[in-house]
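Colleague: Summarising the annotation, TrEMBL assigns region 'Disordered' to 1-26. Residues or ranges marked as transmembrane segment by TrEMBL: 139-158, 189-210, 222-242, 254-273, 280-302, 314-333, 345-366. The feature domain 'Peptidase S54 rhomboid' is assigned by TrEMBL to 185-334. The active site, nucleophile feature in TrEMBL is assigned to S253. Annotation comment: TrEMBL describes H318 as active site.
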Amino acid sequence: MAWKPDPLSSLGRWPPPPQQLDPEHTGFIGADTFTGLVHSHELPLDPAKLDMLVALAQSNERGQVCYQELVDLISSKRSSSFKRAIANGQRALPRDGLLDEPGLGVYKRFVRYVAYEILPREVDRHWYFYRHRSCPPPVFMASVTLAQIIVFLCYGARLNKWVLQTYHPEYMKSPLVYHPGHRARAWRFLTYMFMHVGLEQLGFNALLQLMIGVPLEMVHGLLRISLLYLAGVLAGSLTVSITDMRAPVVGGSGGVYALCSAHLANVVMNWAGMRCPYKLLRMVLALVCMSSEVGRAVWLRFSPPLPASGPQPSFMAHLAGAVVGVSMGLTILRSYEERLQDQCGWWVVLLAYGTFLLFAIFWNIFAYDLLGAHIPPPP
């Protein structure tokens, strides 16, 4: 094959020019040749990338490294062939685990904790641990949680009510709440996530967003986790508009349940590889807490403890968020450092979600009038 000039090689940076690594122009590098260059070069690779290249060589029948995979790895890309090697177990994992790393600071210990909490494979944990940078920080989940707390404090002080705020006659007048009488105000299908029934719902959602959402964002990045969270929020309000047409919606439970159900499903599907402590006990506790929150929402919807001027917020957003998490979320979490657009399953999930969005839009435009739905007057 014909080699193209490598602009990095002229600067003395990695990777070295192909003529030095592969004088016969086969496209592959012998493991012995590469190892010698690694030890003699003035800019050695970090341990994670070296482990990856050794794994690539061991997954090859002839013990060779593809030059293009070397280039991709140096530029912090992970090829599909390497991911297949991981999936098929055709490489030797590093013998020393991250738990044995001595002399780590507080933040690096937290990064190691996140790696073992989220990632199921030791080679992925090594890759994340050595590549992680503190900038940019996981700002999305922290910002959403902070905004929810600020909004709750403002309405709590204004209404002088901190528990079961939805029973206050002024609460539903907020421009953030989704109400079936205000369906034309499309922003409400998302902004309802900043409003909460009371301190108990806000506390539950904020705790899960920080304990699960922040580590997920640290590993998988702002774009993917924000997409998953907002997809759960939007699916929650749209599902309520279809299945519980008279009910309003408040709270970020759709997004929270998307994150939690995706993480729990990922843990179950990679049970043997997950190294988080007490994982069975924590799984049971998470399911009990999530089920209790859904049960509480059902109780408030159909048997409100206090007289209310209209229907109470629906619980269907919780279930819709869980469905989004198990489908879209699981696809995202199982694709660590992979390009989603290269996967057939990702496009299937997007097609299903897009079809649901189109159906929900037409339902909100036409179904209420065709079915003669009696919705409560908007506040």
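Just so you know, glycine gets a Cβ as well, placed from its N, Cα and C.
In TrEMBL, annotation is done automatically, which means it is predicted and not curated.
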Colleague: Among the active-site residues S253, H318, which residue has the largest number of other Cβ atoms within 10 Å of its own Cβ?
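Modeller: When each Cβ's neighbours within 10 Å are tallied, S253 tops the list.
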Colleague: Between the transmembrane segment (139-158) and the transmembrane segment (314-333), are there at least three Cβ pairs closer than 8 Å, leaving out pairs fewer than 6 positions apart?
Modeller: no
Colleague: Which residues of the same chain, at least 6 past either end of the transmembrane segment (345-366), have a Cβ under 8 Å from a Cβ in it?
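Modeller: Contacts with the transmembrane segment (345-366): 183, 231, 234-235, 238-239, 241-242, 324, 327-328, 331, 335.
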Colleague: So how many of the residues in the domain 'Peptidase S54 rhomboid' (185-334) end up helix, strand or coil by DSSP?
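Modeller: Summed over the domain 'Peptidase S54 rhomboid' (185-334), the classes give 110 helix, 1 strand, 39 coil.
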Colleague: In the predicted model, what is the mean pLDDT computed over the domain 'Peptidase S54 rhomboid' (185-334)?
Modeller: 90
Colleague: Whole-number Å distance between the CA of S253 (active site, nucleophile) and the CA of H318 (active site)?
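Modeller: A Cα-Cα distance of 6 Å.
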